[in-house]
Amino acid sequence: MTYDNIYSSPRKKIERFRFDKEVVDVFDNMITRSVPGYLTIVQMISMMANNYVQPNTSIYDLGCSLGKVSNAIRQKCATPIIAVDSSEEMVQSAQKNLQGLSDIQVICEDVCKTKIENASVVIMNFTLQFIPREKRQQLLEKIYAGLHPQGIFILSEKIQNSTLQIDLHQSFKKDQGYSQLEIEQKKRALQNFMLLDSKDEHLQRLHSVGFTKNELWFQCFNFVSFFSQKC
C-alpha cells in the first residue's frame, strides 16, 4: 500500500481534487486514514449483500473505486456484480484488483448514466457526495426503480454535522499521521467538489423516492451509512 503524502508540501495553488493517477496510487491508504471505520463498513456491506441478494439478480457497486467492496462481496457470494466508476484510472486499477474473479464487470461510466436493471443489491459507498446536487434525486429514483421488491440500497456518505463531530474527525486524521497542512490543503481541494448533505436530507430523499424502510446502521463522527429496503 503506497503512503498518501500528496498534500504534505505547501502548494501555491490548490487544484480541485480529482481521482487521477496520483490519487489512485495512494487511494487505499488515503481512504483508510481519512474515513473512520472504513474497513468495517466494507466488511459489513459484504455481509448485508450476501444476506439480501436474490437468485438470478445482479449487484451494483456504483462508484466502485479500486473494487474493494466488490472484492469483499465476491468472497461471500457468486452473484454477478456490475462495478461502475467515472475515473479511468480507478477503473484500470479495479480491473487489475478484480482480475481472475468471475462475473464482475467493471465499467468506466458516469453512474448517473448507468442502467439499473434486475438488481437486488445496489451500493453507493462515498459516491453520492461527488454527484451534483441537482442529479441526486433522479439517481436515487432510478436505483429504486431498478431494484426488485425486498432489494436493498446501501448508501455511505460523509455528512454535514456539528462542530464537535468535525473536530473529532480532524483529530482522527491527525492520529492517522496527517499534518494540519495536509488536512487544510486537501480541504481546499475538495471545496465545491465534495458537496455534503445532512443526515436528515439523506433520509428525506430516500423516503421521497419510495424507500419506506431506512435505517442508519453505521455512524462514526461525520461519516454514516444507511440501509434502505424496497418493500
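Glycine is treated like the rest: Cβ placed from N, Cα and C.
In this view, GLY63 (S-adenosyl-L-methionine binding site) is surrounded by 23 other Cβ atoms within 10 Å of its Cβ, with every protein chain counted. TrEMBL lists TYR38, GLY63, CYS64, SER65, ASP110, VAL111, ASN125 with the feature S-adenosyl-L-methionine binding site.
Positions annotated as domain 'Methyltransferase' by TrEMBL: 59-151.
For the binding site of S-adenosyl-L-methionine, formed by TYR38, GLY63, CYS64, SER65, ASP110, VAL111, ASN125 according to the record, the largest Cα to Cα distance is 23 Å, rounded to a whole number.
The binding-site residues examined here are SER65, ASP110, ASN125; by Cβ neighbour count within 10 Å, the least packed of them is ASP110. Considering other CB atoms within 10 Å as the measure, the emptiest surroundings among the binding-site residues CYS64, VAL111 are those of VAL111.
Packing around TYR38 (S-adenosyl-L-methionine binding site) is summarised by its Cβ count: 19 other Cβ atoms lie within 10 angstroms of its Cβ, all protein chains included.
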